[in-house]
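**Student:** Have a look at this one.
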Amino acid sequence: MVLTGPPQRESVSMVKRVSMLDQHKKSSCARVRVAVRLRPYMEEKEEDKVPTACVRGLDSHSLEIVNWRNQLETMQYQFDAFYGDSASQREIYMGSVCHILPHLLIGQNASVFAYGPTGAGKTHTMLGNPDQPGVIPRAVRELLQMTRMAASAPENENWTYTITMSYVEIYQEKVMDLLEPKNKDLPIREDKDHNILIPGVTLKTINSFGDFDEHFIPASQNRTVASTKLNDRSSRSHAVLLIKVQKSQQVAPFRQLIGKLYLIDLAGSEDNRRTGNQGIRLKESGAINSSLFTLSKVVDALNQGLPRIPYRDSKLTRLLQDSLGGSAHSVMITNIAPEQTYYFDTLTALNFAAKSKQIINKPFSRETTQTVAQPAMKRPREEAEATTSSRQRKKSKTDSTESSPNSSMESTGKRKLNLASLDSAVVERLLKLDKILTEKGKKEAQLLSTPKRERMALLKKWEESQMEIERLKEKQKELEQKAMEAEARLEKSNNSDLSDSSVSENTFRAPLRGRNTSTAKVKKVLRVLPMQGNSQLQSTIEEGIPVFEKKKKKQVTCDGHENQPTWEMNMRTDLLESGKERILKLLNTGSVKELKSLQRIGDKKAKLIIGWREVNGLFKNVEELECLEGISAKQVSSFIKANILSSISS
């Protein structure tokens with residue numbers, strides 16, 4: 001079905017200007033207002049010039065478009081405003097834009113951006129021409145008039161108004177300055193108050209509309225445009241004009257109100273099959289479509305109430321963060337085309353506009369107060385350096401005072417107390433007390449000058465160190481007690497077998513007297529403890545002390561000669577067997593966690609043991625660990641010794 005009927009003329013009513021007080025009394029929530037503008041039908045170059053429009057307006061708020069699934073049906077859309085193909089630039093400005101400008105004078109933000117497919121008339125809506133100026137020149141002109149009228153009002157006698165402008169474009173995900181082109185990608189930042197700003201961007205002060213024209217017209221020519229099959233002057237970037245209004249109080253308390261107006265001309269989405277883009281144009285089109293897709297994701301996330309809004313996924317949405325779901329009074333002008341060839345582009349734009357009008361912003365006034373008498377705030381690093389230097393001066397002064405105590409004390413005595421009349425012992429105690437108080441005062445002053453967070457961290461660290469010291473003291477007492485008990489038992493055993501030791505020593509020394517000392521070879525004897533008899537060994541076993549025997553071992557060299565004897569430690573047989581039984585029981589019944597409690601058994605070996613046990617059954621002895629892959633006999637031997645020694649020491 002083709003809509004060929006003439007579009008209805010919409011009735012345009014003048015918008016009532018609301019005072020700043022009434023604006024301030026309004027609710028803090030403001031929905032994004034969406035207006036749709038239909039571009040006039042452009043005649044085709046074919047012989048058949050009968051208009052074949054796919055969309056038409058119903059009234060000043062609604063329109064209908066053919067349903068592509070069933071051309072006998074139409075789909076209707078309702079918006080805050082609809083402007084037909086005969087609507088003028090002034091009607092659009094007065095109907096949708098001018099009512100948000102008074103918010104700037106009370107420190108609130110506002111934004112106007114044009115959205116739509118390529119060739120739908122977005123740039124014409126925002127810029128216009130000398131005969132029909134668009135939204136940008138009309139808004140700037142009226143804003144200048146409003147500030148002049150507000151400055152001349154009696155209630156604003158002590159207030160001044162300053163208007164500055166900056167103009168940037170987002171070209172292939174790079175923020176470029178248009179007022180002073182530098183071929184440099186400018187960063188986008190967010191301050192502590194969640195305000196979006198562009199450090200390093202050029203700011204120009206404008207006092208009249210002539211100043212604005214002087215800066216804006218050359219900057220607009222710096223914007224990247226190119227010719228495609230659908231548009232002779234297609235914008236290849238998103239243009240963002242920022243107008244900042246600063247209201248400053250000249251008397252105490254020196255308040256400042258800052259309002260920002262964003263005027264944004266978005267680049268249109270493109271179908272490269274129709275535009276015929278190649279090379280650099282194809283790359284530009286990809287960047288444009290990607291940023292517009294991110295914009296649609298932001299709108300969907302806001303409507304669904306998702307916890308994360310993907311503002312940072314593109315430079316465009318990062319700049320529009322305040323306009324969509326932020327703190328600005330926002331107006332979106334959706335431009336559409338009536339031709340059948342633009343049907344799907346128009347349908348997509350209308351669906352996006354319908355989703356955008358559900359977004360709720362929360363505007364608020366940005367007010368700051370400046371105190372003239374207040375000194376300039378130091379940077380944290382400078383403040384730290386100043387604090388350090390002052391502490392060093394205090395320390396040097398204290399050191400010089402301590403180096404000459406007599407002179408300082410004499411002057412103090414003359415000023416406060418006559419020390420000559422006091423006893424020397426009393427004077428000495430007073431001097432010591434004064435020194436202690438001075439040191440304590442210095443420590444408290446340093447603690448008070450420390451920031452709260454750092455001070456709390458220091459106190460917490462001090463408490464932890466005190467607890468650690470107490471724990472170490474308790475452990476030291478336990479170790480000392482065990483050492484004393486072991487020493488007592490050892491002394492008792494030595495005293496009881498002193499006679500047996502002397503007899504044994506004489507017995508071993510007697511044969512040596514009859515030998516020729518000139519031919520005897522000196523041998524090394526290792527004595528860990530005095531030699532004990534069987535009774536001493538039995539008493540030691542009863543007391544539970546493990547006993548190790550020293551075994552003499554000779555090493556044989558390659559030529560058959562014996563080296564000097566070395567010593568090897570052998571463990572008591574009963575302890576060795578009981579330890580092996582305990583290990584064997586754990587190997588046959590233990591879980592992975594229990595096996596890992598053994599010395600030199602990790603997660604991998606514990607799983608190997610359980611796997612071998614499931615396949616081959618229980619271990620018959622500990623030495624069967626050699627059957628496991630990667631475990632040698634030497635490792636099994638060291639494993640047994642380590643676990644038995646560990647059980648004895650524990």
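Cβ atoms here come from the backbone N, Cα and C positions, even for glycine.
The structure displayed is predicted, hence computed values, not measured ones.
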**Student:** Would you mind telling me which of 170-216, 264-310, 452-498 Swiss-Prot tags as coiled coil?
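**Tutor:** That would be 452-498, the stretch labelled coiled coil in Swiss-Prot.
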**Student:** Report the mean pLDDT of the predicted model across the domain 'Kinesin motor' (31-359), rounded to a whole number.
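**Tutor:** When the pLDDT values over the domain 'Kinesin motor' (31-359) are averaged, the result is 89.
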**Student:** CB neighbours of Gly121 (ATP binding site) within 10 A?
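**Tutor:** For Gly121 (ATP binding site), the count of other Cβ atoms within 10 Å is 19.
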**Student:** Can you tell me how many other Cβ atoms are located within 10 Å of the Cβ belonging to Thr118 (ATP binding site)?
**Tutor:** 22
**Student:** Can you check what DSSP calls Ala120 (ATP binding site), collapsed to helix, strand or coil?
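**Tutor:** Ala120 (ATP binding site) sits in coil per DSSP, no helix or strand.
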**Student:** Neighbourhood of the ATP site (Gly116, Pro117, Thr118, Gly119, Ala120, Gly121, Lys122, Thr123): other residues with Cβ within 8 Å of the Cβ centroid, in order?
**Tutor:** Arg39, Ala114, Asn231, Gly268, Asn335, Ala337
